[in-house]
Structures are given as structure tokens and as C-alpha cells.
Amino acid sequence: PTQEDSKLLVRQPKMSTTEIIVSIFIINMEKQDKEEANRIESVDLAARKGLDPYNSLASKAAAGTREDPNLVPSITNKRIVGCTCEEDNSTVIWFWLHKGKAQQCPSCGTHYKLLPHQLAH
Ligand SMILES: [Zn+2]
């Protein structure tokens with residue numbers, strides 16, 4: 001939470017600490033959702049133009065099977081993946097990939113796995 005968020009909530013005297021924590025959490029979730037929604041929109045637009053500014057489109061270097069999933073690097077525990085399913089396909093299937101088990105594209109069944117990595121400081 002930013003300092004501004006905290007100040008805003010502390011001004012409401014009737015709130016308990018738990019309520020404040022929950023509120024901060026919800027505010028952050030809403031912010032993230034909004035940012036992510038904007039991001040998806042811009043990535044989708046760029047993808048339609050044949051660009052991939054966020055490197056969101058996973059490469060199909062791996063076989064994409066359960067044993068050899070496409071590895072998707074991420075600095076967080078989840079990220080959006082765009083699957084083109086078939087080459088020359090103009091439709092991009094967007095779905096959330098979470099840390100842990102490999103997940104399948106809901107359209108073509110290609111396997112993807114989140115590859116957590118740290119940001120260089
Ligand atoms: Zn697919």
C-alpha cells in the first residue's frame with residue numbers, strides 16, 4: 001500500500017485494524033485488476049498489429065505437452081499468457097497462468113508453465 005492509501009483510511013476512526021488491512025487489500029486488488037485490464041487491452045491491441053511489447057506471447061519452442069510445457073517467465077505468481085494456438089491464427093487466446101502446475105490453453109490445450117524469476121536490481 002502507498003502512504004496515501006494508508007492516510008486515507010486512518011482518517012476514518014471507526015475502522016478496526018483488521019478492517020483497515022482488509023480495505024487496503026481490496027483497494028490494491030481493485031487497482032491491480034484495473035491495471036491488468038488496461039494492460040490486457042493494450043497487449044491485445046499490439047498483438048493484433050503483430051507486435052508484442054510485453055513479450056506476452058509465449059513462444060512455441062517447447063512441444064507444449066505436459067512433459068515439455070512452454071515456459072513463461074514471470075516476476076510475480078501469475079501472469080497473462082496469449083496463445084495463438086495455431087500459426088497464422090489471428091485470434092489470440094488470453095488466460096491467466098498461475099505459479100505451480102503447468103496449465104493448458106483453454107482453446108488448443110497447449111501446456112504452459114510459469115517460470116518465476118527475480119528482477120535484477
Ligand atoms: Zn492455444
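Cβ coordinates are placed from backbone N, Cα and C, and glycine is handled just like the others.
What TrEMBL records for this protein:
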type    : residues                     : note
BINDING : Cys83, Cys85, Cys105, Cys108 : Zn(2+) binding site
MOD_RES : Lys60                        : N6-acetyllysine
MOD_RES : Lys78                        : N6-acetyllysine
MOD_RES : Lys113                       : N6-acetyllysine
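Other than Cys83, Cys85, Cys105, Cys108, the residues of this chain whose Cβ falls within 8 Å of the Cβ centroid of the Zn(2+) site are, in sequence order, Thr84, Glu86, Ile93, Pro106, Ser107, Gly109, Thr110.
The Cβ of Lys78 (N6-acetyllysine) lies under 8 Å from the Cβ of Trp96, Leu97, His98, Lys99, Leu114, each of which sits 6+ residues away along the same chain. In this structure, Cys83, Cys85, Cys105, Cys108 are the recorded positions from Lys78, Cys83, Cys85, Cys105, Cys108, Lys113 whose C-beta falls under 6 Å of some atom of ligand 1. Comparing Cys83 (Zn(2+) binding site) with Lys113 (N6-acetyllysine), their Cα atoms are 13 Å apart once rounded. Mapped onto three states, the DSSP output places Cys108 (Zn(2+) binding site) in coil.
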